[in-house]
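Below, the features straight out of TrEMBL:
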COMPBIAS  104-118  compositional bias 'Pro residues'
DOMAIN    12-100  domain 'Ig-like'
DOMAIN    126-223  domain 'Ig-like'
DOMAIN    243-330  domain 'Ig-like'
DOMAIN    339-425  domain 'Ig-like'
DOMAIN    720-800  domain 'Ig-like'
DOMAIN    804-889  domain 'Ig-like'
DOMAIN    902-980  domain 'Ig-like'
DOMAIN    986-1075  domain 'Ig-like'
DOMAIN    1078-1165  domain 'Ig-like'
DOMAIN    1171-1255  domain 'Ig-like'
DOMAIN    1440-1532  domain 'Ig-like'
DOMAIN    1619-1705  domain 'Ig-like'
REGION    103-128  region 'Disordered'
REGION    223-254  region 'Disordered'
Amino acid sequence: MKAGPGVQGSAPCFLRFPRPVRVPSGAEAELRCVVLGEPPPTVAWEKGGRPLQASERLSFPRDGAEHGLLLSPALPGDAGVYVCRARNAAGEAYAAAALTVLEPPAPPPSERPPPPPAGAQDPGAPTFVSGPRSQWVLRGAEVVLSCEAAGLPEPALRWEKDGMALDEVWDSGHFALEPRRAQGARGARLTLRIPAARLPDSGVYVCHARNAHGHAQVGALLQVHLPPDGPPDDPDGAAEQRPQPEPGRGAPKTFWVNEGKHAKFRCYVMGKPEPEIEWHWQGRPLLPDRRRLMYRDRDGGFVLKVLYCQARDRGLYVCAARNSAGQTLSAVQLHVKEPRLRFSRPLQDVEGREQGIAVLECRVPNARIPTAWFREDQRLLPCRKYEQIEEGAVRRLVIHRLRADDDGVYLCEMRGRVRSVATVTVRGPIVRRLPRKLDVLEGENAVLLVETREAGAQGRWSRDGEDLPAMCQSSSGHMHALVLPGVTCEDAGEVTFSLGSSRTTTLLRVKGIKHSPPGPPVLAEMFKGHKNTVLLTWKPPEPPPETPYIYRLERQEVGSEDWVQCFSIEKAGAVEVPGDCVPAEGDYRFRVCTVTQHGRSPHVLFHGAAHLVPTARLVAGLEDVQVYDGEDAVFSLDLSTIIPGTWFLNGEELSGGQAEGQVEPGALRYRMEHKGLRHRLILRAVGHRDSGTLVGFSCPGVQDSAALTIQESPVHILKPQERVCLSFTTSERAVLTCELSRADFPARWYKDGRPVQESEALAVSVDGRRHRLVLPKAALDDSGEFECRTEGVSAFFSVTVRDPPVHILDPREHVFVHAITSECVVLSCQLSREDAPVRWYKDGLEVEAGGALVLESEGPHRRLVLPAAQPPDGGEFQCEAGEERAYFTVTITDVSSWIVYPSGKVFVAAVRLERVVLTCELCRPWAEVRWTKDGVDVVQSEALLLQQEDAVRRLVLPAVQLEDSGEYLCQIDREAASFTLTVTEPPVHILHPQDEVTLLAESGERVVLSCQLSREDAPVCWYKDGLEVEEGGALVLESEGPHRRLVLPAAQPPDGGEFVCDAGDDSAFFTVTVTAPPEKIVCPATRSLDLQFQTQEHVELCCEVAPTGSRVRWLKDGLEVDASAALLLGAEGAVRTLTLPCARPEDAGEYVCETRHDAVTFNVSLAEALPTKLLSELTPLTVQEGEDATFRCEVSPPHAEVTWLLRGDPVTPGPLLQVAKSGSSRTLTLRGCRPADAGTVTAQAGDTATTARLHVREKELLFLRKLQDVCTEEGQEVCLEAETDHVGAAGSVCWVRGQEPLPSDQRLAVTQEGCLHRLCIHGVLLADQGTYGCESSHDRTLARLSVRPRQLKVLQPLEDVMAEEGGSATFQLELSQEGVAGEWALGGVLLQPGPKCHMQAEGQTYRLVLHGLGLAEAGCVAFTADSLRCAARLTVREAPVTFVRGPQDLEVTEGDTATFECELSQALADVTWEKDGHPLSPGERVRLQALGTRRLLQLRRCGLSDAGTYDCAAGAARCGPASLAVRERTVEVLSELRSVRAREGDSATFQCTVSEVEADRSWALGGRPLRPGGRVRIRQEGRRHVLVLSELRPEDAGEVRFQAGRAQSVALLEVEALPLQMCRRPPREKSVLAGRRAVLEVTVSRAGGRVRWLREGAELREGGRYELRSHGPTHSLVIRDVRPEDQGTYCCQADGDSAHTRLLVEGS
């Protein structure tokens, strides 16, 4: 912004800058800004240094101070940086914004070729054969970027830099494009050559390839650096000088920033060729590093950002720009404001190696000040990675396991946002890491750079774990680049660069562009077709969407509120909707919308409704199914419409409420599926018993059935299909399973080629189709090759048995042991194996057993015992078992000291309401302590809590108060731990303002400085320039709640300075500047005026000043003038005048009006009086009717008179003719010109005259409100109406029909009321239909009149008819018109004339006669004509039912199924079955089925009571009787049970074979019935029945009985009990305090065993202080109120095993 000296007004200032815009190609793009200035500035837009002019696509809208640039539509060539430049007399200002135009989308589906198959790529789409490589070059070097693409047709290639075309960035002489044919037949090659690279050439270069099939792009990075040996050469050959601010520019700008905040400098530079930018600090060039970022923003500005400013960053920053045309610079002085509270020792930069550690350390002024650690803007919380240590005032951050991503800036922050900053450098293979995150707009280029320590290192780029394509990766020396051109949302993710074990990661975030939803389809119409269909048509939306789209069609039944989707299609046109697409008969409406990936358009409703009826017919029927035993059987059929149906299984209807089910428990399982037109029934795992099952399906209009046949399948192995390798550990249970395709099929097991023999160590079992080989306790010699062989097929198992690894079961964590001198310390480990060896270590050295250290081994337990521990025995102990270790830390404390921590006096400082915890750690957990405050025992309450945890004692104050200050003692015996607690009020914080405030005011203005505190009662002190201020008349101090204010009621310049509001712990800074208002000359705006007068003329020089009281001096030719009779000086308000009543020649000269800050010069010249004449000619004018016309001429001398003539007649001034003069200017204005005012205008002055012609164009008569389309019914009255913008002359508007004037007809009436024009048609006829127009000589509007015929009405409707089956039915209705072409339908099916259907029409009567009616023809009869529909119901009564075939006598065996069957004359008749005259009802054993005309009665599992006579009745008809005879079934035992003898814990198996498979069976043990579950397993394998009892107990011994019918088999079970053993023993020694309770506990090998407790050899009995408990296998001895005499050795005996422990009693 700049302004010349002495210029009045204000220079332009941007109140709102234009923002960067990103739009897709073809969309509208608009840049907007708000600029102010006085006088209002003129605004011009530029691009590439060239001014822009308005065109068909480019316009510059303006609304007050808001200015815009509008491109409609925006094309890829419009992309670039646009500059808005504002100028006025006081100066100029500019602002810039970038416009990005995305590539045009792929053509719509209708214009592009059909897509390739899924998963395939379009063979003609462009693909890059080779792409450019990223380069790092020195300035002046040649750069060559090449790309080669293939495609059919040959793709077009183009290059761009940073999203802009090359010719927009450079002059044509800076680069060269070299096109070339590729080696292949369908490719192209384009090379970009830059002969001499410059610094601004750095950027991302993208090569685009496009043809009719698609678009592809590939990018590369170019970085141009300065030569390393000294400063760069000047482009013009002159030596470069260090940039310094120019003297003419004045002092550089000043920028203040608080320490720890960011400073951002931005300069916007334009020039061609593009200038080179260099940043300097204190005269030295700046290079980017961790805290200094240099980049170019989206607006094209160059940015330097200094992160976390420190005092050492203050100084002069210069942005220097230069090109071949010259150079310029901009400077700013950075000041860093240091806080009052500072770190005593700040952080220092550190270095570390990967996988190592880094330590950051600082010191705060006070140990009580809390701090927080940050890595850049991310707060670090304490964890294993970031260890945070506080030792007094020292704060330390330890970073473990350093990685490349740990490189960066770290901060330690204390209250008041006071920060100390340091840099951590991680030395490793990666020198320059990736940023933490990278935000990119969709469509922009993403560039990631990594620098490695070794040149030529091969790194790996990946995103979310997947490798990235090599085409976008480049490496050169130490640098590695990843370039992703035109990123999309799919490119977002975690991008990683890996080099060996080192890696660096960034989060790539892509911000999507908001897209608008598509437009709706247009011209949607409905046509009602024939045969139960409706035709829907529409056109694509206008304009069509930019992305691929489809149309979604939905339907709604009239009377319902729900819309249901019909289907989706890709192309617009005509769609036929048949009745098969609706679920039920009814009237349906339809609507359509457009759907893209960006959303859905509004729905477009088709006018009207259509009546549709669903019909079903069999497309593919059921077929008989043959499957193997155990497989699934699938029955399916296809219908012509989507309609539900019902499945039947052996005549029984399957439940439709659930997709899966079971006919009955243990019977067939099924699953029903219905997808679209297909219905499926799946029968699960069918068997031989299901052979012959009948499956049926039924729905309205369709019935079908099929049968199921089961075939015997060859045996094959289902699992495993391949060799299985298994590993087990010794004593583990190993199970090998082989599953065959058939149940109960024999198979044999082999090991290493030899048949296996069953034994206690190997068992073979069969469970249905599964054959198992079980090794209850695998041994090492069980390793080998096992084979399960059956009928030529085998399954192989490779078994390996190993010893189990040793694991430490207890302890799992680090154990800390505290003991006192001479106490016995026991360290114990429990292993997973009893025979595993261990090693013990102390402080890293292996220990050996001795007198002071004992090593014990008992079962899985290993112990290290210190019988009488001494302080030197403490240390770190380890128990090593195999690959695992257990850790123990032993601390031995001298018994003379009970308190372990604290060892000295503790001082605690806290603020009010803070939580305070005083902790005291004792050497023994059972020791009792006493807490006191200032010598008085404390009492526990809600405000004071006493806690105890092991050996730790705590006193907790949840919300400490001021009165809680004092000395607290934790006392035990004669020892005490002292805590001195000091409670203070919380520190006062200034909530607002957080940063320094700068205020500018003018003299006399009210100035208010305000602070908001964190506490309302906190006092503050105000300082000015370091001195405390006092309240007075010119300075007022206010306090209101948390707000503190300093008020200057009428500020004066001496009141300015630096003010500080000090609140003790925090301060706020204010800089106040008070300036006196400058004395300026407001008018005239021009600082120098040339004025010419004539002698003897009255001359007045006038100035307007501000403020009003400003004093001025008048000077003539440099000398101050005084008032006299010939020179008058005047002052009135803000106006100052100098008057010469009668000017003389000597009064000519230079007059100056001067204030203290401004001056205006008047150059006055006096000339002799001149003759009267016209100095300028009149200009011909052409105006619109109603506008004003002004004629202007200049006359000399200025006071001369001018005579005006209009069409030769003198002009008389009036309201319509106005004459005015101003100086030498004369004007004639004609108000509201009419056509009659046209003619000549003449101005006469003296002997001169000038003439011009006035032309008045007639005003256009336009239509404000257009005609609207009208649809009416024949015979109605119609009125068409239009409105013009003004009242025209008579006959200026006429009406037409088509292209002809309206015919003469009494039914037509044309009227006009002001601007309204109407055409009324009375008694509309069908012939009146057509297009009508209303025309003027300048405009025209059209509308269409549609006339519907008179509505058809029903005079006598159809009536319901009931007829007999085989008879006739007649339907008749009467309409309001004759000769109506209608259609008859029955049940939604259109009827055609034939032998059984006659249709008649007599006048207005229409008749339908139906002959030979059947039951299926009952339904709805409808007559349809156009939109009229009339319906009635036809009911057909059923004919009597008769039996065609009756049931036959049957004889079955007990338990079998008996089936009676009869056949009826009708398929839908109901029957009743009776036995011995009593009706039968369906049940578990009784099944009633209906298959067409056949009726079946099934009696399952027949018993002797089912014998008798059976009848079947259908209405009045009966058939039968038929007799049923049932033979008794006998069951025999073919193989008896065998007695079993087993050991406790083993399993016992009993098997018995009977003669019948279906026999009822039961098992009993010792007279008690057995049920499957727990330890009992019962199964049946054909006629063989098996009982398995597992985990035997001695009480299981007894008689085992199997019962099948009247047959039974008995065997004996003997169980050998195992001896009782100790599983868990008590410790060798147990210490207990006198008066407490002692518990000794053991666990034996089984529940129910008896144990004995002894003390010193004497058995203990229940009673007194002794209590004996037993719970399962656990037994306990409880001694209450232990006394010293209870000390001794206790023993627990169980059979032949025993356990000993020694009880020690402490205290008295």
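Positions of Cβ are set from backbone N, Cα and C atoms, glycine also.
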Taking only the residues in the domain 'Ig-like' (902-980), give me the average pLDDT of this model.
87
Would the domain 'Ig-like' (339-425) count as touching the domain 'Ig-like' (12-100), if touching means at least three Cβ pairs under 8 Å and pairs must be 6 or more apart in sequence?
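No, the domain 'Ig-like' (339-425) does not contact the domain 'Ig-like' (12-100).
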Please work out the helix, strand and coil residue numbers for the domain 'Ig-like' (1078-1165) from the DSSP assignment.
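Secondary-structure composition of the domain 'Ig-like' (1078-1165): 3 helix, 49 strand, 36 coil.
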Does the chain bring the domain 'Ig-like' (12-100) near the domain 'Ig-like' (1440-1532), so that three or more CB pairs sit under 8 Å (pairs 6 or more apart in sequence)?
no
Taking pairs 6 or more apart in sequence, does the count of Cβ pairs under 8 Å between the domain 'Ig-like' (243-330) and the domain 'Ig-like' (804-889) hit 3 or more?
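Between the domain 'Ig-like' (804-889) and the domain 'Ig-like' (243-330), which are separate recorded stretches, there is no contact, as judged by 3 or more close Cβ pairs.
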Mind checking how the domain 'Ig-like' (126-223) divides into helix, strand and coil residues in DSSP?
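Once the DSSP states are binned, the domain 'Ig-like' (126-223) shows 10 helix, 57 strand, 31 coil.
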Is it possible to list how many residues within the domain 'Ig-like' (12-100) are helical, extended or coil according to DSSP?
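Counting residues by DSSP class gives 3 helix, 56 strand, 30 coil.
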Provide the three-state DSSP residue tally for the domain 'Ig-like' (243-330): helix first, then strand, then coil.
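Secondary-structure composition of the domain 'Ig-like' (243-330): 6 helix, 43 strand, 39 coil.
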